[in-house]
Structure formats: structure tokens, C-alpha cells
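What follows is a single structure, written as C-alpha cells, with notes after it.
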């Protein structure tokens, strides 16, 4: 057991029939180093084994013990045996240990511990029957289970916990002396030699950057054609087929199904390749053992920013898309750290926002457009660091200055089964949470923009121009809120409204509200550019440039999209997601107002 | 002396650990206790040390390395077996209640 990324942090329950015996309820406890908890996951293990007393705890605990890392694993076992719960030891990694010249005498171990010890190789499904037999036998045994007593003659300067820890290690080393033999001395292993290169001063950072470049490229460039293909398939053949099937149905029903529901499903599906790639990469990095090294390599840099070492990965991925970045939070072992990083990810400027920056920057700033786009990215990094600091001084005070003590698992080849299972489980989790939210929001926005209002109330449902729909009216009502930021206009408010659903849709909405064609290339906005100039000149009272900058800043800092909200909801729960959204809107508005009010003094 | 700044390949025995109580317990649970034998495997790219503690490999930052007071030794004997320094720890056998 260990607590490096990828270990169980959620509790799985099930039923098991050990060797055709009576069925037993099974609880997969979160991995832990000790029964003194440091995170809610570890607390659960402690609660089940000790706090509930003899009645409330499980009838039997199967403790997996890593033969290649015996000392630390026996330490936890000493704690478990100390509670007096009935135990069976599953001895794993005997093959890895043997490859390193380490032999563990299972019979001697069982004699020392006075509990059954069964060697298992889960990857090859070996030893599982024997384990089942041992469990069944132990459950039928009505003698009281063994209990390990360690007498601690603590000295006065120690706290009792520490003295007990030392006593347990003293016991562990006595057991080791009997059960473990090593052919050669404790010299450097293959992993050690690899580590001397991969974490070294010269290669550590370049290898890290190369790995991150790979992850970033895969979640952007590699995912793009797959996303476009899926989106095109749903928006094209599937939508056409549905349209055809509903040709006899009323216009509103066809619109609802084709533009609302199928549009929503299409949007959801475009995230699937992205998520699959992200989850496969995560599993590969974790299972190979490199993730822990990467955290070690960048620990100091991240610490300067006040963030945990492993937070680099979700943040880097976030520049591609925030949704897989939030899913990547699972690499952070500590739940509070996950929440902290989960609240700052939305400020990482994703690639969907880039399309909007490019359109507006090239319309308004011409040859300096590149600088404006770069400034947006710079601001994004500043926001990540700044908001991170703000949160750590307020909601997350206890997270400051945690020491890095990180166990590094040995390098190994990732297995297809582990990578496949993890990817599927995480993808299924994402779809369960996100599907409803995304489809419902896309449908709701379609409905709002389809219901005619005011001047257009004579027109039938779904045929009025956006301006004369409920959505248009809502945009008009919301627009004055942006007056202090210089963009009090229904077109921009509508764009921000759809931007709440998906930033990819912002450019399309802008074009739609002006009844102009969506520009083929954002660099050549054509007529749309002229109309935008007019709008911003009017709404800003003659200071269009600061108003556009304010608009872009707002776009950067407010809620990225519905899918991000859904992913946040899954990772952090509803309350914090709403709080986080509230903070985003407040900060976005304040920053936009500041940019406009200060900017118009010059321009 | 402390472990901070020790070169890769250094073998050492831990004499004292001078961090705060919660961190000290966390280190102890991983096996950083008085008398434990460690080997410096490597130094991290941005600081910190990679340590071998028996079969386990543990990365620590510079502050933690600074808190590990050690004496250098020739070489870790087989099993990485450790000795208690001036403490009396009685170990009772596992027994049935």
C-alpha cells in the first residue's frame, strides 16, 4: 500500500463469495501509510478499524503487503495487528522483489505474525483462490484473533505517538531479520540509476518539460481532429437523420430535438476524445512511476507559487482545456489541495478562449494583436498565482508550507489492463455527471433564443431573430451591468451569455447577433469588424480600446463553460462550485471595470 | 551534521529529527526514526534529496533534509538493519488475547 497518485482514494463496496462459501460484504479501504490519518481518505480507514471498536469494525481485514517494500508495509501491519482485528496478509510484488535479489520467506512471516500469509500476483491473477480459502477459513475460526502488543518505554521528551512509531519500526526490523534475505547488498537499483538521470540538475527540467509538452500536444493537437470528427458526425448525418425523421412534426419539436438536444449531445461528445486522451496519459504517467518524480522535480518552483508540486499537471493541461484539467486533479493526494487547485483552474486560459481573443484583438488592435493575446495569457498566469494566494490566505489557511515527503514508487511498464480500467472508470464518472448538465444547458439556451418576444411576437416559435427572442431580451436586461466596464450592449452580453455555456460558441453568437456570417478566419472579420467597432465605440462613450480590453479580461476570468462547471461539480461538490462561480464573476467584473476605468484615462 | 547537502552515495544513520511534531510523526511512519539507515540516491533538479530508506525511495525537500541530523557511516549493512540508540524498546511477541 502506498499513497502515490493512482491509489484508491474512494471507497468501493461489493460482495464477494470466497471459494463458493457464504457471500461476504467487501469494502476497499483507501490506501494509507498509517492509522494516524492526515486526509479524509485516511481517516475513513482509521475510523473503520479502530474508532468503531470491536463490534463496528469489519470481521476480517485483508492487508496487502508489498514484498519489495517490506519495512514500510509491515509498519502499517503492526498498527492493524495492534487493533486486534482479524487479519489475512496478501503478499504482493514477490516477483519484483525477487528480480532485485530479495527473498521473503512466507512461512516464516506467517509464523512471526501469527496470521495467514498468501502470496498473490494480481496482474496474473495468481494466488486469488488461495487467498479466498484463507479468508473463508479465518472467518470460520471462532478463537479470538491475535493482537500485537508492543511495550513502549517512551522517554519524557517524546510524544507517545512518536515513541509508538519507533517501537513499531523496532519490531519491523526484528521481523525483517527473520523473514527477509537479500542476495547482494543494498546497492542502487535500476530505478535508482534511472532516477539519477531523470531527476538530476541537468536532465530533470528538460525531461519534465518534454513530458508536459507531450501531454499538452496530445490534449490539443491530437484530440482536435477526433473532436471535429465526432462533432461533425453528430451535427451532420445524425442531425440530418433526425430532421428527416421528424419532417412531419411541428417546427418547434424539430428545433428542440435537432438544435437543442442533439446539439447538446454533440457538444458533450466532442469532450469524449479529450477526456479519453487525458485519462490514458494520467494513467500512463501514474502507473509508470514518473508522475511522482515530476512532482519532486518541480516541487520548489511550484512551492514558490504557493501551490503543491503535483498541481503543475492540471494547470498545464488547463491551457488546452479546463475540463480534463479538473479531471486530472485526482493526482493530488490531499482533498483540500484538490479543492484549492480546482478553484483556480478556471483562470487558466483554455484554447477555446483563444479564438475570441484572436477575433477581437485583430479587429481592434491590428498589428499589435499578438501582444494583446500574449498579455491575456500573462494575465491568466497572474490570476492563477494571485487567486491561489488569496484562497490560501482565506479558505485554505491550513495548506501553507507543507513539507515535501513523497514516496517514489519504482519505475515499471504500465499495464494495459490498469490503464484501460482507470480510463473507463473516470470517463464513465465524467459522463454521468456532465451529460445531464451540458445537454440541459444547451437545450435551455436554444429554447430561450427560440421563443419570440416583443416586436417579433407575431412570428412563430424558433423563427424570430435572436434580437427579438427571450434570450435577446435577457441579454438586453443584463447589459447595463457592464456599463462601468464600457460594454453595455446586448450583442456583447449575449456573447458572454453563450460563453457561459461554451466559449467555442462566442464567436458564432457574435456573428449571429449581427446577422453576419461567422468569419472564415478570425483575422479577416470583414463586415463583422466594422459592426463591432461601431458597437464598442458607442457603448464606451468613445473609448473603444479600453472597453475591448475590459471585455477580453472579463471573458478570461469568468466561468469558462458549462462542462467546466460540471467537472468542478463532480470533483468538488455543488457548494464549492457555486462559490467558485461567484468568485469568478465578481473578480471578472471588478477587473473589467478597473481595466476600462483606468484605460480610458489614456485612450 | 544534517543530511542537507550530502552528496549522492552518502550512507548515514539518523540521530535526531528536528521538525515539528506532526511532520516528525509523518517522517517516523515512513521509517525516518532514530537509528534508521539512509542512503542519498540523488539530488533533485530544483533542490531536495532522493533518499533510499531500506527498499523504499523517498523524496524530501531541503528543509526536511536539514531537519534530519545524521552521522555518516561507511556502508549500510545487509537488510538495512537499524539499531536503537540508547533507548529501551521491549518487543512482546504476537499473542492471542
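Cβ from N, Cα, C; glycine included.
Taken straight from TrEMBL:
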type	residues	note
DOMAIN	A:1-141	domain 'FeoB-type G'
BINDING	A:28, A:29, A:30, A:31	GTP binding site
TRANSMEM	A:202-223	transmembrane segment
TRANSMEM	A:229-253	transmembrane segment
TRANSMEM	A:265-285	transmembrane segment
TRANSMEM	A:311-332	transmembrane segment
TRANSMEM	A:344-365	transmembrane segment
TRANSMEM	A:371-391	transmembrane segment
TRANSMEM	A:434-455	transmembrane segment
TRANSMEM	A:545-566	transmembrane segment
TRANSMEM	A:578-598	transmembrane segment
### Message
Within a 10 Å radius of its Cβ, which of these binding-site residues (A:28, A:29) has the fewest neighbouring Cβ atoms?
### Response
A:28
#### Entry: Which of A:202-223, A:265-285, A:545-566, A:578-598 contacts the transmembrane segment (A:344-365) most, counting Cβ pairs under 8 Å
A:545-566
### Message
Let me spell it out: take the transmembrane segment (A:434-455), skip the flanking residues so only those 6+ beyond its ends count, and list any with a Cβ under 8 Å from a Cβ in it.
### Response
252, 255-256, 259-261, 263-265, 267-268, 271, 323, 461-464, 466, 468-474, 497-498, 501-502, 562-563, 565-567, 569-570
### Query
Three states by DSSP: which one describes residue A:29 (GTP binding site)?
coil
### Task
Please figure out which one of A:229-253, A:265-285, A:311-332, A:545-566, A:578-598 racks up the most CB pairs under 8 Å against the transmembrane segment (A:202-223).
A:311-332
### Summary
Per the Cβ filter (under 8 Å) with a sequence gap of at least 6 from its ends, the transmembrane segment (A:545-566) is approached by 267-268, 271, 322-323, 326, 345-347, 349-350, 352-353, 356-357, 360-361, 364-365, 372, 376, 379-380, 383, 433-434, 437-438, 441-442, 482, 485-487, 492, 496, 499-503, 506, 536, 539, 577, 581, 584-585, 587-589, 591-593, 595-596, 598-600, 602-603
### Query
With DSSP helix as H/G/I and strand as E/B, how many residues of the domain 'FeoB-type G' (A:1-141) fall in helix, strand and coil?
65 helix, 30 strand, 46 coil
### Query
Top stretch among A:229-253, A:311-332, A:578-598 for CB pairs under 8 A with the transmembrane segment (A:265-285)?
A:311-332
